[in-house]
Amino acid sequence: MRKLLALLGLLALSAAQDCYVGRGSAYRGSVNVTSAGLECQPWSVQAPHGHAFTPANYPDAGLDGNYCRNPDNDLRPWCYTMDPNVRFGYCDAPQCDCMFNTGEFYKGSKATSVSGLTCQRWDSQSPHQHDRTPQNYPENDLRENYCRNPDGEPRTWCYTTDPNVRWEHCDVPKCDNADLGTCGVQAIQPTFSRIVGGSVATPGSWPWQVSLGYGSNGQHVCGATLIAPEWVLSAAHCFAQLSTNPGSFIVKVGKHNKGSTDSTEQRMQVAQIIVHPRYQQEGQNTNDIALLKLVGRVSLNDYVSQACITETEAPDGAICVATGFGNTEGTGGDNYLKQVQLPLLTNSQCRSWLGSVIKSTMVCAGYESGGSDTCQGDSGGPLTCPRLGQWFVSGVTSFGQGCADPRKPGVYTRVGHYIDWILKYTADN
């Protein structure tokens, strides 16, 4: 309930003030031109640009009219344009001059410190030299001399124009209902390009990603998702093929490079492995889902946090993200955590490509032309979808045919179907 109230607070603030906070996923204002002055294309229209961000596919994203929105958790609100030669553009929607949490997503225009000193421009080295530049921190919107929090301070700050005072915190007020739910929110934002294909993830940008190690050397064998400080979600086939002995596995969180020990890494022993009782591997991989209870709780921080789970499923056509340390098939990034954006498919479409093996407890994601697939992820790893600034686990990577081949999408266990089963074990433990 507290999380719901927080999200409603975001919407109410954005609607009431025609401004946005963070990346603007909850922005519902009336700006409908890009920063370059181009008129926005209505979201319900497929001309001049065809796209999947329709009101039907994203019913909770406020895609009414041709107003600037952020249905995919991009840097800030954007829209497709009415210019056939310019596919999309970001919008200059106003930022609410208040912050959530520690202000890591604050994008307002306050430019004075708590003592009233004028802030130094981030792209200036005078009077204070520093490395917090827009070039070094491209995801933190270090524009002008506005207060920001690029490095995890307790609140926003800036360098000052006083040669005798290097930096000070800023007195940016907290937004109403600023206590956001802790699941599905990154301190370090992912970076995407609008191209088909996977890429190496920004370190720490998928803090719920788990590397599941096996054997005496803890070799990576499967992916998984942190859904609570002491609970991990994965695929049943990872254990059916190896072992259901908890002592055979090690859970590694806070990882970016599976080939070495990361400074942000935490390793946890497994207390219990719970494979779904109706899991069937032969020919179908039905009910391919499992829970791991940890010995103790992970320490939550910027590099380790939990994803959200819900029985409310992302709509068909939604653009979601698969992550993992899996096979790159020549795309590079060996050992490093990778990410790939994929559209959710209808089950009927998926069955037409893969046959009757696709059940209602599964969800498919991928492009008809191929090029992106869970070969760039991991068995057991997450398929997460954004909703109002938070990420929810929609799928557990289960199986596929080939790797990024045309009409061979990845197949995932549909997490929303198993919420009652998950909560049976995790709700009070």
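Cβ coordinates come from backbone N, Cα and C, glycine included.
According to TrEMBL, the feature disulfide bond maps to Cys19-Cys96, Cys40-Cys79, Cys68-Cys91, Cys98-Cys175, Cys119-Cys158, Cys147-Cys170. Per TrEMBL, the feature domain 'Kringle' maps to 18-96, 97-175. Residues annotated as domain 'Peptidase S1' in TrEMBL: 195-427. Residues or ranges marked as region 'Disordered' in TrEMBL: 122-145. Positions annotated as signal peptide by TrEMBL: 1-16.
Mapped onto DSSP helix, strand and coil, the domain 'Kringle' (97-175) counts 3 helix, 13 strand, 63 coil.
Cα-Cα distance from Cys79 (disulfide bond) to Cys96 (disulfide bond): 20 Å (rounded to the nearest whole number). The Cβ of Cys170 (disulfide bond) has 25 other Cβ atoms within 10 Å, all protein chains considered. Summary: among the disulfide-bonded residues (Cys19, Cys40, Cys68, Cys79, Cys147), the fewest other C-beta atoms within 10 A of the C-beta are counted at Cys19. Highest local Cβ density among the disulfide-bonded residues Cys96, Cys98, Cys119, Cys158 belongs to Cys158, counted as other Cβ atoms within 10 Å over all protein chains shown. Candidates Cys19, Cys96, Cys98, Cys147, Cys170 (disulfide-bonded residues) were compared with Cys68 (disulfide bond); none lies inside 10 Å Cα-Cα. For the domain 'Kringle' (18-96), the DSSP-based tally of helix, strand and coil residues reads 0 helix, 13 strand, 66 coil. Close to Cys91 (disulfide bond) in the fold, though at least 6 residues off in sequence, lie Val31, Val33, Thr34, Ser35, Cys40, Cys68, Arg76, Pro77, Trp78, Cys79, each with a CB less than 8 Å from its CB.
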